[in-house]
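Novice: Starting off with a structure, shown below.
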Amino acid sequence: MGSGRVRVRFAPSPTGIFHVGGARSALFNWLVARRAGGDFVLRVEDTDASRNRPEWTDGIISALDWLGISPGGYEGPVLQSSRADRHRAAAERLHAEGLAYYCDCTREALAERTGNAQRGYDGFCRDRGLAPGPGRALRFRTPDDGVTIVEDLIRGTPEFPNETIEDFVVARADGSAVFLLANVVDDLEMGITHVIRGEEHLSNTPKQQLLWAALGADAPPVWAHVPVIVNEKRQKLSKRRDKVALESYRDEGYLPAAMKNYLMLLGWAPPGEDEIVPWETIESTFDLADVKPSPAFFDEKKLKAFNGEYIRRLSVAEFIEAVRPWLSAPAAPWEPAAFDADAFAALAPLAQSRVSVLSEIVPMVDFLFLPEAPIDDAAWAKAMKGPAAELLADVHDLYDKIEWEAETLKAGLTEVGERHGLKLGKAQAPVRVAVTGRSVGLPLFESLEALGRETTLRRLAEARERLTGG
């Protein structure tokens, strides 16, 4: 992986949400640095002032921290905008050495000459000797012949004939460097040895490799372009169409360990048949050479299943701690004083075995802490038929007398159901809806035990009154 100390960088732009693709690239970079005993640099490419916002930079740092890439464990964040003078100096050097020239061609003028402004620049200003001035961008003088060969750990050695690479812009008319140049200057001066990034940047690589050479680098960095991430229709993930914001998964209750494990599978696989593996195993076995170049399918259903498995592997105490943010405002719809930690703890193991994301805990246990059962109208209409009113009355009378314990409550309802010609499954339906508000949920009798006799009896009576009109 090259000689000397390995230095990688993760260079996101603070122009919106933190994409799951960016999270994967960050993890790949982090692991390469960790395995090599090298350095991870966070460089925030904030040169697009019209689109950047400080809160998005904060969001990047927070998201990385959630993934285990914590401040203090890396260099940065370095704001690319703080290095604007270095970028300008590099542009001036390219011009002074005859490796770049000024151009005043507009898109319209190019279209007139070529018939198509999308065909690329035709080199019209190459030998005009223009000086810097308003409306004049600086273009790199691409070699007329030869081939630029990119050695990529994932994609082999793609070749780019130089004649197909247009004289590309490296600095705008105001002197500010464009992404291509700023990126190379920063990588070169920061001593970056490995550039690990998304496949969409591969087309930029021959241009950047030419700039590395022009700016005096002995060799380009080690390139590694990780595969594009696609949805179920094999379309590239889009923030306009797909659920791609890492923050949305975090806020929904995905565990960072599950997310990290799943993201690592987007182009790579751990040894053996198991995909759910300890992070220590991933950290000790990950190698860029094993990353596949083919598109990686982001399967939300699989991620959710992963998360559910990670939740089930927690201890009950860890699970209770993990769901704590959802058991209080603003996530919880009940008053803070209504929360009963003992009642929740009694049902926590049952809930843990059923949730796939932590936020699912709220509708699973809200009946415990709300003053009234959160009745689902469709569930009510389906369950409260036939002898429901009489059954609820009989259950109420029996439950007022017997021991308040799940098995006893079950036996009691079984007995009442038989009197009404109902098997236990049918007899449970109106009781469940009356007490919990829903037709499905945690095991009924454990739920009743946790809810308590007084509240259960009150809700059974209220449900019967609603059915009978008084």
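Cβ coordinates come from backbone N, Cα and C, glycine included.
Heads up, here are the entries from Swiss-Prot:
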- 12-22: motif ''HIGH' region' (MOTIF)
- Cys103, Cys105, Cys125, Asp127: Zn(2+) binding site (BINDING)
- 236-240: motif ''KMSKS' region' (MOTIF)
- Lys239: ATP binding site (BINDING)
Novice: Cβ under 8 Å to the motif ''HIGH' region' (12-22), counting only same-chain residues 6 or more beyond its ends: which ones?
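Specialist: Cβ under 8 Å, 6 or more out: 44-46, 48, 51-54, 56-57, 59-60, 63, 198, 229, 237, 239, 244-249, 263, 298.
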Novice: Enumerate same-chain residues with a sequence separation of six or more from Cys105 (Zn(2+) binding site) and a Cβ-Cβ distance below 8 A; give 'none' if the list is empty.
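Specialist: Same-chain residues close to Cys105 (Zn(2+) binding site) (Cβ under 8 Å, separated by 6 or more) are Tyr121, Phe124, Cys125.
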Novice: Using the structure shown, find which entry in Cys103, Cys125 (the binding-site residues) has the sparsest Cβ neighbourhood within 10 Å.
Specialist: Cys125
Novice: Would you count the other CB atoms within 10 A of the CB of Asp127 (Zn(2+) binding site), including those on all shown protein chains?
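Specialist: Step by step: centre on the Cβ of Asp127 (Zn(2+) binding site), count other Cβ atoms within 10 Å, giving 9.
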Novice: Need the DSSP three-state call for Cys103 (Zn(2+) binding site) to compare against my parser.
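Specialist: In three-state terms, Cys103 (Zn(2+) binding site) counts as strand.
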Novice: Other than Cys103, Cys105, Cys125, Asp127, which residues of the chain come within 8 Å of the Zn(2+) site, judged by Cβ distance to the Cβ centroid of those residues?
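Specialist: Apart from the listed residues, the neighbours are Tyr101, Tyr102, Asp104, Gly123, Phe124, Arg126, Arg128, Leu130, Arg139.
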Novice: Can you break down the motif ''KMSKS' region' (236-240) into helix, strand and coil residue counts using DSSP?
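Specialist: Grouping H, G, I as helix and E, B as strand yields 0 helix, 1 strand, 4 coil.
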Novice: When a 10 Å sphere is centred on the Cβ of Lys239 (ATP binding site), how many other Cβ atoms does it contain?
Specialist: 13
Novice: Using DSSP, what's the helix, strand and coil tally for the motif ''HIGH' region' (12-22)?
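Specialist: So the motif ''HIGH' region' (12-22) is made up of 3 helix, 1 strand, 7 coil.
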Novice: Report, in whole Å, the straight Cα-to-Cα distance of Cys103 (Zn(2+) binding site) from Lys239 (ATP binding site).
Specialist: 35
